Amino acid sequence: MSAADVTADTAPFFSSDSEADGPEEQEAAAAAGRRAEGAEPAEPASGVSPVRALLTVFILCYINLLNYMDRFTVAGVLPDIENYFLIDDSKSGLLQTVFICSYMFLAPFFGYLGDRHNRKYIMSAGITFWSVVTLASSFTPREHFWALLLTRGLVGVGEASYSTIAPTIIADLYVGGRRTNMLSVFYFAIPVGSGLGYIVGSQVSNVTKDWHYALRVTPALGLFAVLLLLFVVQEPKRGAVEARPDHHLRQTSWIKDLQALSKNCSFLLSTLGFTAVAFVTGSLALWAPTFLLRAAVFTKERPPCTEGHCASSDSLIFGAITCVTGVLGVFSGVQVSRKLRSRTPRADPLVCAAGLLLSAPFLYLAIVFAELSTTATYTRLSIGTCLLSRLSVFVLTSCLQYVVVPTRRSTAEALQIVVSHLLGDAGSPYLIGVVSDSLRRNDSFMWQFRSLQLSLLLCSFVAVVGGAFFLATALFIERDRDRAEKHVAAGETGAGSGAIRISGTVWICRTVWISRTVRISQPIMY
């Protein structure tokens, strides 16, 4: 068995082959050597027992699930909210835009706090704030839609305080392949939680005949999560599990980092490609259930929403689609990329391009022919979303890791996050709403459906543009990868900065500014 085979076998299916942590056998041998020399302490280096560490991961996964449930509950009851406040599509799109903007700009701030203060207490305060604000939003009076917008923005503040810090705790509990496995489990809560947001929100609204109650589910579960954090989770020692030498690279100034990144064609083009992914997924996440409901009303399969409550199964079905395509997409995307790497070093950008370009016709057909067949529409939408949000997002992270030198990766990925949010899902829900309102000639059910249908066609166009950016990335990926490897080889002999770096990456996530001592990846989309 070759060395490459060992790496592939020991790395989890959602880890990066290009950035693997190394075989577990080597870690076990090193640990045995330290024990034989008496250098390894009797208790875990993190200061947390194995049982409590496992409980901590489960608790953090539970909170991450609630995080995404809360984020997509509003989308699951959006038709009810529109009828209650009598708002148009542009104002509806703002509900997602204000949340993403506050989340995006405040995440680095909470990452800074998480580096310097007790992370458990920061998360507890953030989740308490998020739960209270979400509960308060459910009491917004009919004439004060601005209050709902304000509270949704404040929810982003609370979620930023959790999602930027939680991965660093897991990183301080585990090392090597076990860390990758635990982080992968943690991030699997994203598609599952997103789907549950649609399902729980719509079903609670259907049972109670009032959309306000849908926003009161996650606050109660969030307060329970705070109790688990305070009484079960133990703050691990920062970086203690990283007590082994690593490569030392020369640190450069932030300005020089930006100058170097501006010359990295693979980084620039892949960032534009991921911005297209964020644009499309952000639009579909908010508008897909509402569009499917309007299609059913237009074809008279369902009665219109005239009493302030829209009894629809579309959010339930779309939520199930989100869960299933999320799990299938993660697995299929990583496996396809892994097999192609043995044939071409351009596998990662090509897989991303294929995901976007293949999703475009399925999304186009699902949108254009939505009124003809409900079953066919859901089938096309399932295939399109699976190709789009999974094959592209989770493979892209690996691609970025090896075209940027280690000392610039956090800066590169943080810039990619800001750009993709700012030009992608922060504004796309609002833009779709504005275009829909501008195309609507009257308030008939036909034009409510047609105007949103035409505006959502932007998603197919943007997907094709994003695929073109990834194809262009494939032209430069080998050159930029060679440059990064040569830079690392030269830097190993230079003076080190003494910073600790996590060499492993998790494919189903993207890096945010969360720690000076640990670099973990964090997702954005949805």
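Glycine is treated like the rest: Cβ placed from N, Cα and C.
Automatic, uncurated: that is what TrEMBL annotation is.
Per TrEMBL, compositional bias 'Acidic residues' is recorded for 18-27.
The compositional bias 'Low complexity' feature in TrEMBL is assigned to 28-45.
The domain 'Major facilitator superfamily (MFS) profile' annotation in TrEMBL covers 56-478.
If you look up TrEMBL, you'll see 1-46 marked as region 'Disordered'.
Under the heading transmembrane segment, TrEMBL lists 94-114 (among others). Only residues 6 or more beyond the boundaries of the transmembrane segment (94-114), in the same chain, are considered here, and those with a CB under 8 A from a CB of the stretch are 71, 74-75, 78, 81, 122, 126, 148-150, 152-157, 159-161, 163-165, 168, 282, 285-286, 414, 417-418, 421-422, 425-427, 429-430, 433, 512-515, 522, 524.
The transmembrane segment annotation in TrEMBL covers 121-139 (among others).
According to TrEMBL, the feature transmembrane segment maps to 145-170 (among others).
What TrEMBL records for 182-201 (among others) is transmembrane segment.
The transmembrane segment annotation in TrEMBL covers 213-233 (among others). Listed by sequence, the residues of this chain that lie at least six past the ends of the transmembrane segment (213-233) yet keep a Cβ under 8 A from its Cβ atoms are 52, 55-56, 59-60, 62-63, 66, 69-70, 73-74, 76-77, 120, 123-124, 127-128, 130-132, 134-135, 137-138, 169, 200-202, 204-205.
Tertiary neighbourhood of the transmembrane segment (266-288): same-chain residues 72, 75, 78, 92-93, 95-96, 100, 194, 318, 349, 352-353, 356, 359, 363, 381, 385, 388-389, 392-393, 396, 399-400, 403-404, 412, 415-416, 419-421, 423-426, 428-429, 431-433, 452, 456, 458-459, 462-463, 465-467, 469-470, 472-473, 476-477, 480-481, 524-526, selected by CB-CB distance under 8 Å and a gap of 6+ residues from either end. Look at TrEMBL and you will find 266-288 (among others) tagged as transmembrane segment.
TrEMBL lists 316-337 (among others) with the feature transmembrane segment.
The transmembrane segment annotation in TrEMBL covers 349-369 (among others).
Residues or ranges marked as transmembrane segment in TrEMBL: 381-405 (among others).
Under the heading transmembrane segment, TrEMBL lists 417-435 (among others).
Annotated transmembrane segment per TrEMBL: 455-477 (among others), in sequence order. Here the transmembrane segment (455-477) has Cβ contacts under 8 Å with residues 89, 265-266, 269-270, 272-277, 279-280, 283-284, 287, 291, 345-346, 348-350, 352-357, 359-361, 363-364, 367-368, 388, 392, 399, 403, 431-433, 435-436, 439 of the same chain, all six or more residues outside its ends.
Counting only same-chain residues 6+ beyond the ends of the transmembrane segment (121-139), those with a CB under 8 A from a CB of the stretch are 63, 70, 110, 113-114, 147-148, 151-152, 154-155, 157-162, 165-166, 212-216, 218-220, 222-223, 225-226, 229-230. Computed over the domain 'Major facilitator superfamily (MFS) profile' (56-478), the whole-number mean pLDDT of the model equals 83. Panel annotation: around the transmembrane segment (417-435), residues 88-97, 100-101, 104, 107, 271, 274-283, 285-287, 451-452, 454-456, 458, 510-512, 522, 524-526 of the same chain, lying at least six beyond its termini, place a Cβ under 8 Å from a Cβ of the stretch.
Long-range contacts of the transmembrane segment (145-170) within its own chain (CB-CB distance under 8 A, at least 6 residues past either end) are made by residues 56-57, 60, 63-64, 67, 70-71, 74, 81, 85, 87, 91, 94-95, 98-104, 106-111, 114, 119-120, 122-123, 125-131, 133-134, 136-137, 179, 182-183, 186, 233, 235-236, 509, 512-515, 518, 520-522.
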